[in-house]
């Protein structure tokens with residue numbers, strides 16, 4: 001005879017092994033009050049990012065300041081990343097809340113779960129890395145303005161954004177390549193990295209968390225030094241006042257991005 005827990009043991013090697021998809025399934029589904037909440041928040045996020053992207057593209061065409069233009073390129077990359085992250089993850093999570101499909105039947109090979117887990121890691125790590133990159137660029141632009149012969153061009157800025165995307169993509173592919181696993185998470189609507197004491201899972205979790213924490217801390221250090229520098233020199237010669245006003249505006253945006261990233265990610269990363 002087959003032991004009672006043989007089916008559970010059979011799932012242990014798949015992306016459904018950690019989540020109890022039988023006993024706790026009904027309880028997990030009932031914990032979602034209405035699927036319209038996730039739909040409404042998803043639509044608000046997508047519309048907000050589209051509006052921000054239109055404003056940034058319009059502003060980028062009118063600017064002649066190369067430092068400001070490169071900053072807007074990084075900002076565009078951040079908005080595009082956030083928009084695509086909402087679009088990709090919502091295309092799986094929102095239908096689940098409406099249909100309540102069974103993952104084991106819809107995705108027996110765990111391909112959809114791996115894709116969703118990859119998306120969560122990729123679109124989660126990208127904003128943190130881009131925030132640190134933007135803070136570093138402004139740090140060197142404000143504190144060491146003569147260390148570079150020219151400001152970063154738009155093409156080079158987009159190349160840096162592409163490198164960040166490529167690095168985050170490589171990080172997200174590690175579980176697919178054998179380091180760690182993506183598994184179904186409560187309430188059964190999404191997949192993410194596995195918090196279990198297996199060697200591969202621990203290494204991947206530490207890599208993801210430490211990289212994110214390092215990015216946030218690096219942004220904090222760069223932004224703090226840049227803000228202090230601007231406060232010291234802001235009231236100097238009036239001839240450079242307009243340029244400094246632009247730098248202050250960029251720093252306010254960077255500090256806002258840093259605060260949002262810290263509030264949203266640091267509790268999870270720690």
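Glycine too: its Cβ is placed from the backbone N, Cα and C atoms.
The stretch that TrEMBL tags with transmembrane segment, taken from the ranges 12-35, 36-59, is 36-59.
Tertiary neighbourhood of the transmembrane segment (36-59): same-chain residues 72, 75-76, 79-80, 82-83, 86-87, 90, 93-94, 97, selected by CB-CB distance under 8 Å and a gap of 6+ residues from either end.
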